[in-house]
Amino acid sequence: MDFLHTQLSVVQRQLAFVATDNIDWKLYVQSFSWAVTLFESYLLIRQYPLYSKTKPPPALASHFEPGVFEKSQAYGKDKAKFALFSGLFKQCLDSLMLQYGFYAWSWSAAGSLLAKVGYGPEHEIKQSIVFVFTLFFLSSLPTLPLTVYSTFVVEQKHGFNKMTPGLFVTDLIKSWVLSFALGAPFLAAFLYIFKWAGDRFVPWLMAFMIGFQLIMVVLYPTVIQPLFNKLSPLPESDLRTRIENLAGNLKFPLKHLYEIDGSKRSSHSNAYFFGLPWSKHIVIFDTLIQQSKPEEVEAVVAHELGHWYYLHPTKMMAISQLHIFTILALFPAFLHAPPVLRSFDFPKEVAAQPPTIVAFLLFQMILTPLEAVVSIAMNAVSRHFEWEADRFAVELQDKLGDSAMADMGDRLGQALIALHVKNLSTVWVDWLYSAYHHSHPTLTERLRGLESFQEKRQKKKE
Ligand SMILES: [Zn+2]
């Protein structure tokens, strides 16, 4: 522990200038956030002309019924236009909020609100909670019309929206209540640890965050998801037997096998698994079951089990812990730094003793460029995991010595094509756009990958 703290204090000494120098942090955040938004707009502009292509890639041509490719191009075009507009709109909003001291205003508004009910500025944690929810609520209001437009105009036009206005409103209220019910105690505990551990907060906060994530792994499927969707056990069927056998042969600790009514909100489809290491649950979208044959759904599940086999979720979690650790290790330099708060328009008396939550929020904004790089790297890692899981499905026949699985690669390919065609997913993708945004390889890349895994496998055998 002491070794860790010595190392951390070396980092702090390097960053000591933050607490003393008058750097124009606001200008810095404005410049970088605009740079990120403009880069994302540039990517959309690169991608846009591809929606005017009149033919699908040759490998996919035979899978599109007449008219379906045109539909997917029109859907892609509408989504891209919407993304360009909403990206710029949100950035303008953030930029204005930043420029005119919205954060400083929210902090003092939270203070006056609490003063009315008799709590003074010594109640920092209470004020922080009110502050965060004021920010969250006020900044989500102007973007609400965007969500409405995306759901009831864009998705509706292309036949994906299954949401009624009533369901939309109840979902929204549920998610607000839920973020308060979970967010307030989380924030209180988070801030309490800072107070209690002082400058040695890093390992304690790490332990707390890991604990919280583990609790969510249990709470999300059992308490939270049922608020929005219905999970029902997958009825006895060919599909159920296939998946149970597959899980049994791989020693996957399958506890429950569910079908989820994803079609209640949207006709996009998928499958996933979750749970603690000794008790896992597989969830399949009703839409996937309707549109693919049981042996194809089995191949999708085989791909998912590939993620489990190669410990992908655990690896992702380890990477995200490292990410959180880096953020926390850099943070103390910003924790006691009046000039940072001053440059975001906070009054002298607040800046003199920065409230932890304010310092943390501003620090997060300062990290924008770093976070953009991290997200590109995470997408690259995730794409690599997708390759591994696809290869796993192809090689299952050897792993399990089961020749009935020899066509797993083809079945997965069929299922992926069906998913893509039904979801009207984009088939022509700009490489830079894909590298930045996509957590999955494109369909054409995956089909080519599945083929080459199969070829390599056969060569190995010979
Ligand atoms: Zn996957």
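Indices start at 1 and increase along the chain as displayed.
Backbone N, Cα and C atoms are what each Cβ position is placed from, and that goes for glycine too.
Note that the structure is predicted; figures quoted are calculated from it, not measured.
According to TrEMBL, His303, His307 bind Zn(2+); the candidate from Glu236, Glu386, Glu395 that the record adds to this site is Glu386. Of the chain residues outside the Zn(2+) site list His303, His307, Glu386, Glu304, Gly306, His312, Phe385, Glu388, Ala389, Asp390, Phe392, Ala393 have their Cβ within 8 Å of the site's Cβ mean position. You'll find the Cα of His307 (Zn(2+) binding site) roughly 9 Å from the Cα of Asp390 (active site, proton donor). Counting other Cβ atoms within 10 Å of each Cβ, the lowest count among the recorded positions Glu386, Asp390 belongs to Glu386. Averaged across the domain 'CAAX prenyl protease 1 N-terminal' (47-230), pLDDT in this predicted model comes to 89. Glu386 (Zn(2+) binding site) falls within a helical segment according to DSSP.
Each of the recorded positions Glu304, His307 was ranked by the number of other C-beta atoms within 10 Å, and first place falls to Glu304.
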